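S.K.: Got a structure for you, written out below as structure tokens; questions coming shortly.
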Amino acid sequence: MGKEKLSFKEVHHSHSPKTTLWWFFLVATCIKVLLFPSYRSTDFEVHRNWLALTHSLPLSQWYFDETSPWTLDYPPFFAYFERFLSIFAHLIDPQIVHLQEGLNYSSNKVVYFQRVTAILSDLSLLYGVYRLTRILDSKKQKLVWSLIIWSPVLFIVDHVHFQYNGFLIGILLISLSYLEEGRDLLGGCIFAILLCFKHLFAVAAPVYFIYLLRHYVWGGMIRGFSRLLIMGGVVTAVFASAFGPFFYLGQIEQVIRRLFPFGRGLCHAYWAPNFWVFYIMSDKGLAFILRKLGFNIQMPAASFTAGLVGDSSPFSVLPQIKPYVTFIMVLLALSPCLFKAWKNPQPQMISRWVAYAYTCGFLFGWHVHEKASLHFVIPLAIVAPQTPEDARHYFLLSIVSCYSNFPLLFEAQEYPIKVLLLLLHSIFMWSGFSAQFYVGAETAIASSTNSKKKAEEFGSEDSWGETVKKKKGFVIGWSERIYLIGLVVVETWGQILHPLILGDKFAFAPLMLISIYCAFGIMYSWIWQLISIVKYF
């Protein structure tokens, strides 16, 4: 018998967006499985210990236990998540969840189990990406999927270094998708759930508050008050389900102390590439100059360049920075965005505003980790295909974000992996953006009026002209090219020239150089986003 032909419906279904999305996820999963034997950071033991303490101890002791130095410092929903995972961990190997005998346990069983949980938890990311892109055309869908599902930073941070950022960012994307649909109550509820998983996402809470207040609540005394009560009731119910048991036990103060350990200091051991890098370097430069001029400038006991996390902000000349100062700076940086959200609360702008909020938190926040760049890089992938300028900005930002996380994988065997991931990501971005913004000569001329107007709005009239005349696709400017070449120079110095010329002297210098140079790129991104929001959106 001959082969039966597939009907049109069957053929169409076999190439449906959902099927294609699953293929994207499958390719990513294969890469993650290949990374199983790679380096694991202390975060791997952190999460193994959380499996053990939530499984072995009653809830009343979760936020008091100090069996391991890696104490529980995430909100209750994440603790409940670990407790759920511990059920399966105990079935696979009871030692995984043994509070004492499991310390620093590193058998293949625990490695494979935790790696698999990170992969499976990424299903929330898959669902969030699907919801946010389901109304886009096929070309844009695949571009966004490649940017997020194949994100090299997620591979490095979650599936080598080890964390669950994909799972948490997936919840954020699901929330944003409901807000973009106008389903504000559900979007706000899911964001409240996210905060009960990881409180560091609260940086975007002011944007959510202003947007929901203006878009959902505002509109007449009776309607507004009733909706305020509904939203408040939903959010209260979410937080009550998370923190209620600890409130009942009288442990809220202990939980808060664990969630907000301000004694860790202004900067992480490896400086995140943010504003405080410039502040630290300015302090050190001024101290050096003043000492040369004969002033008695004392060096602080805790040195930033030693890679230590102190209990204070040890500056020699400039004022000491307290947590409330960073809080005020983040709010000030956010204020233009909050004004825009109040003045014109557009659902299609919420992803851009939330990404900007996380950029502000990254730049000016207290004790920021370099991994936190994921919080704004992933949401910005949603808006990257909208305009050529958005694409150019994202191309640079995504590369800088990935490179700034290179120091997380410091062993030699992982070096080719992180370089290859970044190179492949750059190629995919370039190819995707080129295909998205390629305009044939006839099409470009036919739509010249609208295209030129949009190009003028984003300051890219020259690029528009080149597109029409030469039929070019995605291009970046000379400043971006020079900056990216600089990344190669920084890496060459750190990997080759510094060891050859200086040997073991100034061992901190290559990491410091990465932080400083990448900080310029992140600062550029923040300025670009701020100007775009204020001027165009």
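Indices start at 1 and increase along the chain as displayed.
Cβ from N, Cα, C; glycine included.
Remember, it's a predicted structure, so these values are computed and weren't measured experimentally.
So TrEMBL lists these for the protein:
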type     : residues : note
TRANSMEM : 21-39    : transmembrane segment
TRANSMEM : 153-179  : transmembrane segment
TRANSMEM : 185-213  : transmembrane segment
TRANSMEM : 225-250  : transmembrane segment
TRANSMEM : 293-309  : transmembrane segment
TRANSMEM : 321-341  : transmembrane segment
TRANSMEM : 353-369  : transmembrane segment
TRANSMEM : 419-439  : transmembrane segment
TRANSMEM : 482-501  : transmembrane segment
TRANSMEM : 508-527  : transmembrane segment
S.K.: Apart from its near flanks, which chain residues at least 6 from the ends of the transmembrane segment (153-179) lie with a Cβ under 8 angstroms of it?
M.R.: 28, 31-32, 35, 38-41, 43-44, 47, 114-115, 117-119, 121-129, 131-132, 186-188, 190-191, 193-194, 197-198, 201, 211, 347, 350-351, 354, 371, 373-375, 377-379, 382, 398, 401-402, 405-406, 408-409, 414, 417-418, 421
S.K.: Can you name the far-off residues of the same chain, 6+ from the ends of the transmembrane segment (185-213), with a Cβ under 8 Å from a Cβ of it?
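M.R.: Long-range Cβ neighbours of the transmembrane segment (185-213): 74-78, 81, 168, 171-172, 174-179, 230-231, 234-235, 238-239, 241-243, 259-260, 330-331, 334, 337-338, 341-342, 345, 350, 353-354, 356-358, 360-361, 365, 372, 375.
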S.K.: Would you mind listing the long-range same-chain contacts of the transmembrane segment (225-250), meaning Cβ under 8 Å and 6+ residues beyond its ends?
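M.R.: Same-chain contacts beyond the flanks: 59-60, 63, 75-77, 80, 184-185, 188-189, 192-193, 195-196, 212, 216-217.
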